[in-house]
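A short worksheet on the structure shown next.
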Amino acid sequence: MARNGATAAPLLPSAAVVMPEDTMRRRNMFPFVCATLASMTTILVGYNLALMSGAQLFIQEDLGLSGVQVEVLTGSMNLFMLVSILAAGWVADMVGRRGTLLLANAFLMAGAIAMSAGGSYAALMAARSITSIGVGFARVVAPVYNAEISPASTRGVLSSLLDMFVNVGILLSYLSNYIFAGLPVHLGWRVMFAAGALPPAFLAAGVLAMPESPRWLVMRGRHGEAHTVLVRTSDTPAEADLRLEEMISLAATQADCGGVWKEMLVRPTKSVRRVLVCVLGLHFFQQAAGNEAIVLYSPLVFEKAGMASTGATVTVGVVKTCFILVATLLSDRVGRRRLLLASTAGVAAALAAVALTLCVDAASPAACVASVLAFVAAFSVGFGPVVPTYTSEIMPLQLRAQGTSLGLAVNRVTCALVTMTFISLADAITMPGCFFLYAGVAAIACTFVYVQLPETSGRSLEDMDVLFAK
């Protein structure tokens, strides 16, 4: 951090990377196919996380749950996820990125079936814990796989696919709420969850069709297989050879390192400490700014504004998905840091606008909806999709899987605190007070990005690994 007018030394050199003319002219589509297949698992992540926004009302009426039980059930997955998130890095290093994604789909299918068959509060909590294992594995491993399979020229676009598919899942959950809301109370919410049981089988078949991560293959000493994958996923054969040489060199250098968790948390180097500040800070602020409060409790927000929630909630899902596409197009062209700065500033302004529309009697319900949509757009164009991309890029190779796990653990704990306290906090300081609080957090996040974060766009992961290994 800068002190006394001095500028903090950047984590990465500021010189621009000039791509070869042939690379600029030709794009290899195979990495896009691989990243798409890996990212599609996260459709079910978004579906399961957001489905409770509409299903909770039917569950409460059908099973006679209290308001506190509904609040805990809604946010509990974020706490249950901690175990799988922290274990995902180890599992991904043991069985591979592809094998871990297969496990994720298996748990997602089992959780959906258990949730639809649940007949009590305890059974639903157990079902959420099963689902959380699949969600945690997918959230950790999919961004790691996408970052490792992608060439530097398109890594931003391919990594952004992850959040786009999460938001497709959120949109599908809102549509599911809308379509099945007319069914009998005891049946509607069960059909909503049962609808998520079949897709994992097809997604697992897609995972089997994609290659293993070349970095994992190098870590396992399978250099020939790694080279085959790199030839298929690089823009040029020369780039494939160079990436393989750098991976082998890094693997040899890092083979003598101590345990990963010890290197990160017990005896981190100065550069690792700075990287952890960036990674953990981004994940904390992403959730502390109240995104999940909008995703899960938008029906309550619209009800507070005096508007029917169903159609407006579906609109929220559509806007989120559309602006993720915008972020995908801009990530490599504009740069991660600029998108994060613009996004966090927009989130702060939009949250303040939401609070004002809720506390000013003269404000119309349409103004509240417009403010919520502005928040969703600002969040989805940067703060949502760029954070997993950035944190996967900046972590050194030997720390990447476990470092991603640690960042997501902070992300999910923060998310759990927001989702499991929103109703109680709104009762204590009013709903407008909640959104003024979230706006303040977003403003601090904008300052954090400006002071702490370097730009990573256009640089190879190997370049960053070499820099942090010094």
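Just so you know, glycine gets a Cβ as well, placed from its N, Cα and C.
The domain 'Major facilitator superfamily (MFS) profile' annotation in TrEMBL covers 34-457.
Taken from TrEMBL, the feature transmembrane segment covers 29-52 (among others). Listed by sequence, the residues of this chain that lie at least six past the ends of the transmembrane segment (29-52) yet keep a Cβ under 8 A from its Cβ atoms are 73-74, 77, 97, 101, 104-105, 108, 111-112, 131, 134-135, 138-139, 142, 145-146, 149-151, 154, 157-159, 161-174, 176-177, 192-193, 196, 199-200, 203, 206-207, 209-211, 232-233, 292, 295-296, 317.
Panel annotation: around the transmembrane segment (72-92), residues 48-49, 52, 56, 59, 65, 100, 103, 121, 124-125, 128-129, 131-137, 139-141, 144, 216, 260, 296, 401-406, 408-409, 412-413, 415-416, 418-420 of the same chain, lying at least six beyond its termini, place a Cβ under 8 Å from a Cβ of the stretch. Annotated transmembrane segment per TrEMBL: 72-92 (among others), in sequence order.
Residues or ranges marked as transmembrane segment in TrEMBL: 99-119 (among others).
The annotation transmembrane segment is assigned in TrEMBL to 157-175 (among others).
Summarising the annotation, TrEMBL assigns transmembrane segment to 187-210 (among others).
Residues annotated as transmembrane segment in TrEMBL: 309-330 (among others). Remote same-chain partners of the transmembrane segment (309-330), defined as residues 6 or more beyond its termini with a Cβ less than 8 Å from a stretch Cβ, comprise 50, 53-54, 157, 160-161, 163-164, 167-168, 170-175, 177-178, 181, 294-295, 298-300, 302-303, 339, 369, 372-373, 376-377, 379-382, 384-386.
Annotation source TrEMBL lists transmembrane segment at 339-358 (among others).
For 364-387 (among others), the entry in TrEMBL reads transmembrane segment.
Taken from TrEMBL, the feature transmembrane segment applies to 408-429 (among others). The list of residues near the transmembrane segment (408-429) in space but at least 6 beyond its ends in sequence, with Cβ under 8 angstroms from a Cβ of it, reads 67, 71-72, 74-76, 78-79, 81-82, 85-86, 136, 139-140, 280, 283-284, 286-288, 290, 292-293, 296-297, 300, 437.
Taken from TrEMBL, the feature transmembrane segment applies to 435-453 (among others). Non-local neighbours of the transmembrane segment (435-453) in the same chain are 1-2, 8, 277-278, 281-282, 285-286, 288-290, 293, 336-337, 340-341, 344-345, 347-349, 351-352, 354-355, 358, 383, 390, 429; each lies 6+ residues outside the stretch with a CB under 8 Å from one of its CB atoms.
Panel annotation: around the transmembrane segment (187-210), residues 33-34, 37-38, 40-41, 43-44, 47-48, 51, 54-55, 58-59, 62, 98, 101-102, 105-106, 108-109, 112-113, 115-117, 134, 173, 176-177, 180-181 of the same chain, lying at least six beyond its termini, place a Cβ under 8 Å from a Cβ of the stretch.
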